[in-house]
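Inspection log for the structure reproduced underneath, given as structure tokens.
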Amino acid sequence: MTSLKGKIITVVGSGLIGRSWAMVFLSGGYKVKIYDNEPGQASGAITEISRKQIEELQRAKMLRGNLTAAQQLSLLSSHDDLQQALEGAFFVQECVFEDLEAKHSVFHEVENLVTESVILSSSTSCLMPSNVFSRVQNRTRCIISHPVNPPYYVRLVELVPHPETLPAVMDVAYSLMTDVGQAPVRLSKEIDGFALNRVQYAIIAESWRLVQDGVISVKDIDLVMSEGLGMRYAFIGPIETMHLNAPEGMEDYLQRYSEGMKRVLNTFGPVPDFSGEPAARIVKEICELIPAEQEHLTVRRERRDQLLMELAKLKK
């Protein structure tokens, strides 16, 4: 598919995810219009993107794409009027808060202002496409493009179709995400939690159970991931890990370890409540490890983002 560079993308919602998407699309050379229904919010987002993010990234030599900060920012505009923001767009990325009615309202307005060829994409992390787009008349051009926070540094995007989404729409979305340097994956059908959150929740649930049952501390279960599984999973996934962890590959791995896996899996407990005394104990433990004051959390998030960007460079 030919490059779509130079075309217009409208980002609806100027919060954290909206700003991140704008930066990603700008890095690929796309013209980006940011819209927010709160007057002044979209223009404020541009100030945040330009002064506190893109220019700082350029100074740190971590700016994505082949364009300079000034060139990228020249492609960015803010709008308080939705019709003006949608004019000329071929792709609309919705980034409002995670509320079904709010998303219904956005897509109802957007659909009435764009042509049939414009792709409607939602950033939802947990709402099913069949629910998000239930009030859209033409659902063949609807798709979920679920990023991973922070999208500028973690490049995975889950592309999840509505049951009526046309294959060509998936192809355009895949081409766009690849073009801007993301790592898109296609789900062939919708499923609650998509792929990433289902895997993430499985890890969270067993980690929580192990801490809750007194098997291991919060600090040490995090080390199991950061100094163990995470070291591998940053470069190869669980299926490839299985294939590489036996002398003769996957078939050999299954012969060696499948019975042990089934035995251990059968010992897993019920889904945790994430509440009550166990939750209070885990909250206390994590707060003792990581001070809860906002400035400490901000510094740690900034350091996380820097490490993620450096890791992304290593993987290229």
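Cβ coordinates are placed from backbone N, Cα and C, and glycine is handled just like the others.
The domain '3-hydroxyacyl-CoA dehydrogenase NAD binding' annotation in TrEMBL covers 9-190.
Under the heading site 'Important for catalytic activity', TrEMBL lists H146. Around H146 (site 'Important for catalytic activity'), the C-beta neighbours below 8 angstroms that are at least 6 residues distant in the chain are S123, T124, S125, V157, E158, L159, V160, F194, L196.
Per TrEMBL, domain '3-hydroxyacyl-CoA dehydrogenase C-terminal' is recorded for 193-262.
Here the domain '3-hydroxyacyl-CoA dehydrogenase C-terminal' (193-262) has, by DSSP, the following mix of helix, strand and coil residues: 53 helix, 0 strand, 17 coil. A mean pLDDT of 96 is what the model gives for the domain '3-hydroxyacyl-CoA dehydrogenase C-terminal' (193-262).
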